[in-house]
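A.B. asks: One structure follows; several queries about it will come next.
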Amino acid sequence: MKKLVLLFALVLLGFQVQADSIQNTDEETKTEEQPGEEDQAVSVSFGDPEGTSLQEESLRDLVCYCRSRGCKGRERMNGTCRKGHLLYTLCCR
């Protein structure tokens with residue numbers, strides 16, 4: 001039952017993120033992105049610090065943010081992040 005509630009919450013969060021991103025599309029094209037309190041930079045790395053065959057050049061430069069209102073501009077949704085009991089959208093570029 002708890003899994004069903006969690007799954008339902010994630011589905012609702014996905015719908016909310018899509019709705020917010022559609023509403024904010026016009027605003028995002030007019031204003032330049034400024035990191036705020038709601039955005040947190042996340043460094044993503046795969047494998048050893050020296051690099052492995054799994055770590056490609058494009059993955060080394062991946063910058064991700066935990067956003068509460070959906071991804072901006074050239075970012076793509078790559079999952080979710082959690083801060084305390086709140087879930088955020090993981091947006092990477």
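Just so you know, glycine gets a Cβ as well, placed from its N, Cα and C.
Keep in mind it's a predicted model, so treat the numbers as computed, not measured.
The following feature annotations were taken from Swiss-Prot:
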SIGNAL    1-19  signal peptide
REGION    24-54  region 'Disordered'
DISULFID  Cys64-Cys92  disulfide bond
DISULFID  Cys66-Cys81  disulfide bond
DISULFID  Cys71-Cys91  disulfide bond
A.B. asks: Rounded to the nearest angstrom, how far is the Cα of Cys81 (disulfide bond) from the Cα of Cys92 (disulfide bond)?
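C.D. replies: Pair distance, Cα basis, whole Å: 12 Å.
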A.B. asks: If you count Cβ atoms within 10 Å of the Cβ of Cys92 (disulfide bond), leaving out that atom itself, what do you get?
C.D. replies: 17
A.B. asks: To the nearest whole angstrom, what is the C-alpha distance linking Cys66 (disulfide bond) and Cys91 (disulfide bond)?
C.D. replies: 6
A.B. asks: In Å, rounded, how far does the Cα of Cys71 (disulfide bond) sit from the Cα of Cys64 (disulfide bond)?
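C.D. replies: With distance taken Cα to Cα, Cys64 (disulfide bond) is 10 Å from Cys71 (disulfide bond).
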A.B. asks: How many other Cβ atoms are found within 10 Å of the Cβ atom of Cys64 (disulfide bond), counting all protein chains shown?
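C.D. replies: Other Cβ atoms within 10 Å of Cys64 (disulfide bond): 19.
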A.B. asks: If you count the other Cβ atoms within 10 Å of each Cβ, which of the disulfide-bonded residues Cys66, Cys71, Cys81, Cys91 comes out on top?
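C.D. replies: Of the disulfide-bonded residues Cys66, Cys71, Cys81, Cys91, the most buried by Cβ count within 10 Å is Cys91.
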A.B. asks: Distance check, please: Cα of Cys81 (disulfide bond) against Cα of Cys64 (disulfide bond), rounded to an integer number of angstrom.
C.D. replies: 10
